[in-house]
Structures are given as structure tokens and as C-alpha cells.
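Contents: one structure, followed by commentary.
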Amino acid sequence: MKLRVLWVGKTQEEWVRCGIDEYAGRIKRYLPLEISEVREEKGTVAEQLRLKEGERLLKALPKATRLVLLDETGEQFTSTGFAAFLGRERDTGTQELAFAIGGSYGFDAAVRKLAYRSISLSKMTFTHQMVRPFLLEQLYRGLTILNNESYHH
Ligand SMILES: C[S@@+](CC[C@H](N)C(=O)[O-])C[C@H]1O[C@@H](n2cnc3c(N)ncnc32)[C@H](O)[C@@H]1O
């Protein structure tokens, strides 16, 4: 199974980029990972930004992908539960599992409609930039759990 992480807009802070690079590198020891970045839309009308960014996210998705949205209102997992979810996808023939992080205003209806699941990292709202290393760390943690390694306590 291949993992894909999609997000909207460039990573602005160097310290966020360091976290992304660190955990993306670690994940690649276990599974192929591709990061897809789509252009952030400029403007002030939230619906228009969501619509344009949604079109770009959908265009960046290969056809045979299972799409999981990162959303503060989504389903919550423990890290072991998330590892079990990854393991089920890996072991039941999912070719590619894609995790999408929305732009500053989240996702539009077309993206939500296509999604297979929606997951929350917390009931709190993070910036779309901060969620990048948080998600990658949880993917890495999940893969170490599946491999019975000592990272998770
Ligand atoms: C600033 S948030 C957008 C908040 C907006 N109220 C919404 O309706 O989604 C930007 C993106 O970061 C991600 N995000 C922020 N907090 C999150 C959380 N607690 N769990 C999962 N994803 C989160 C989501 O992908 C979201 O689309």
C-alpha cells in the first residue's frame, strides 16, 4: 500500500518543514509515501476558496485512491486504533490511502462527498500547517505499532 498526504499551500515555517521532513523520512522506511501540495487560493470569500482548493485537491488524487479527510469533527482514534485502521487497509488490498488536510477554511462539499472517512486529531482546531507534522507523526507511530517496535508507549 502506498500512502499519500495532500495539503493546500506551501509550508511557510522552517520549523514545521523540519518536522515534516523528519517524519516523512521515517514513514518511508515502512511504506512508500508521496506528498502532494496544491496551490492555495487567494481571496476573502471562504466558499470560493474552498471550492477552488477543492477542485485542485480532487485533481491531484489518482483514481484508485481511498480518500481520508483530516477534519476536527471527524472520527477520533487512539494511536493503537489508528494503527489497526492502517493495518486493515494495508492487508485488505487498498492500493493507495490518501490523507487530505484542508486549507484555512476546510473542505468543500465535493471533497467531502468523495471521502471514504473523515478523522479528527483532536476536538481543538489546529492550523492547516501544524496538522502536517502531527498527521505524519501519527502515521509513523501507527507503522511502528504494526511492526511491534518500541516507539509507542
Ligand atoms: C484551520 S483548519 C479549518 C477549520 C475550519 N473551521 C473547518 O471547517 O475545517 C484547516 C485544516 O486543518 C485540519 N485540521 C485542523 N484541526 C484539525 C483537527 N483537530 N483534526 C484534524 N484535522 C484538523 C483540517 O484538515 C482543516 O481542514
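Start at 1 and count along the chain as shown; that gives each residue its number.
Cβ from N, Cα, C; glycine included.
Just so you know, TrEMBL annotations never went through curation; they're auto-generated.
The annotation S-adenosyl-L-methionine binding site is assigned in TrEMBL to Leu70, Gly102, Leu121, Ser122, Lys123, Met124, Thr125, Phe126. Proximity of Thr125 (S-adenosyl-L-methionine binding site) to non-local residues of its own chain (separation of 6 or more, Cβ distance below 8 Å) is seen for Glu72, given in sequence order.
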Leu121 (S-adenosyl-L-methionine binding site) CB neighbourhood, other CB atoms within 10 A: 19
Structural state of Ser122 (S-adenosyl-L-methionine binding site), classified by DSSP into three states: coil
Largest inter-residue Cα distance among Leu70, Gly102, Leu121, Ser122, Lys123, Met124, Thr125, Phe126 [record-listed S-adenosyl-L-methionine binders, Å]: 16
